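Chemist: Take this structure first; my questions come after.
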Amino acid sequence: MSIILSLETSCDESAAALVSNEKGKIDLLANEIASQIDEHANWGGVVPEIASRRHLENLPFLIEEVFAKSKLQIKDIDAVAATVTPGLAGSLLVGSITARTLANLHQIPFLGIHHLEGHLSSIYLSEKHPKPPFLVLLVSGGHTELIKVDVKHKYQRLGRSHDDAAGEAFDKVARLLGLSYPGGPAIQKIAKSGDPKKFLFPKGRVSKPEGGFYPYDFSFSGLKTAVFRQIEKIRSENKKLPIEDIAASFEYIVAEVLVERSFKCALDQGLNSLVLVGGVAANVRLREMMLAKASENSIDITLAPMEFCTDNAAMIGAAALLRLSSESFKSSMELGVSARWPLEKSDLLYDPIPPF
């Protein structure tokens with residue numbers, strides 16, 4: 001049995017977890033998260049300097065807590081893992097330096113994990129999970145991507161957003177409506193009492209230079225502009241702003257676009273298994289529409305467990321265990337952090353000569 005201490009500090013969630021792998025089954029032994037949402041809400045978004053300071057304060061206590069809850073000690077750990085990319089550089093450094101220090105001190109391997117690989121691995125924390133190949137819709141505050149996972153667990157990006165990620169669009173539209181941060185939960189809450197068909201907002205497409213559109217790509221900046229113009233139009237007519245209807249219509253069109261392009265991609269690629277992960281995967285309307293579409297098309301669907309949709313260290317531990325079980329992967333102690341790094345190049349995080 002392998003046991004990993006995993007850390008996540010890529011943005012505004014400080015997290016630590018202890019995860020084990022026995023006979024191919026991943027078990028969560030302890031999982032702790034310290035959220036900074038309330039503090040960043042005062043600023044309408046994440047303030048990088050505040051985020052990194054809070055990670056410094058929170059992480060030692062979270063590590064202490066997971067060991068106390070699991071009744072394990074550091075001598076029981078086989079490796080330490082931390083998110084090293086992508087994310088806020090200052091925040092990533094806190095987790096990375098902590099993990100490398102512990103690994104060096106106790107002479108155990110260190111694994112630098114790609115944050116998106118962590119999200120992809122969140123499905124292995126559920127009782128039932130698919131076997132590759134499958135298509136993943138990864139949708140969060142910073143990313144909206146369609147990723148094919150092949151039988152060797154190699155990644156191929158087939159679709160992406162060319163501007164705002166879906167979660168970012170939720171935050172921006174929430175701000176236009178005067179709602180709190182983060183925008184996803186705020187919009188979902190008031191959308192429940194709105195009419196999702198009241199306003200017909202556009203489905204953004206990305207044009208090819210030679211004509212036509214990229215079939216699996218996304219664009220949400222035009223949708224945000226359409227919502228802004230609708231709000232301005234209503235206000236210019238001195239009418240009461242139907243916030244619930246606007247929120248519901250916006251939420252519906254985002255979910256519809258994500259569902260339509262995901263299933264088109266899966267069917268075109270001959271994949272009969274689809275996976276939904278990431279922070280926006282917690283959206284109830286999106287989950288319901290994904291399940292309904294999967295039933296229509298006889299495609300197997302796996303939704304990330306609700307508690308592991310947003311950033312957490314358990315998914316980072318799951319990703320690290322998969323790396324350890326597939327080959328004897330470990331990262332160089334010289335591996336740093338990077339605000340951006342393509343998922344397709346995540347294998348390079350385990351090279352003797354680190355990429356950054």
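Every residue gets a Cβ built from N, Cα and C, even glycine.
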Chemist: Quick check: of G159, G184, G270, which does Swiss-Prot put in the same substrate site as L138, V139, S140, G141, G142, D171, N283?
Modeler: G184
Chemist: Let me know which member of D311, D347, D351 Swiss-Prot also records as binding Fe cation at the site of H115, H119.
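Modeler: Given H115, H119 bind Fe cation in Swiss-Prot, the matching entry from D311, D347, D351 is D311.
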Chemist: Need the DSSP three-state call for H119 (Fe cation binding site) to compare against my parser.
Modeler: helix
Chemist: Need this for a regression test: binding-site residues L138, G141, G142, D171, G184, N283, filtered to those with Cα within 10 Å of H119 (Fe cation binding site). What's left?
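Modeler: Neighbours among binding-site residues, in sequence order: L138.
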Chemist: Taking the recorded Fe cation site as H115, H119, D311, identify the other residues of that chain whose CB atom sits within 8 Å of the mean position of the site's CB atoms, giving them in sequence order.
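Modeler: Sorted by sequence, the hits are E8, S10, T83, L116, G118, S140, G278, N312, M315, I316.
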Chemist: Listed substrate-binding residues L138, V139, S140, G141, G142, D171, G184, N283 - what's their greatest C-alpha to C-alpha distance in Å?
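Modeler: Greatest Cα separation within the listed binding residues comes to 17 Å.
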Chemist: For the binding-site residues H115, H119, which one has its C-beta crowded by the most other C-beta atoms within 10 angstroms?
Modeler: H119
Chemist: Using a 10 Å cut-off on Cβ-Cβ distances across all protein chains shown, tell me which of the binding-site residues (L138, V139) has the largest neighbour count.
Modeler: V139
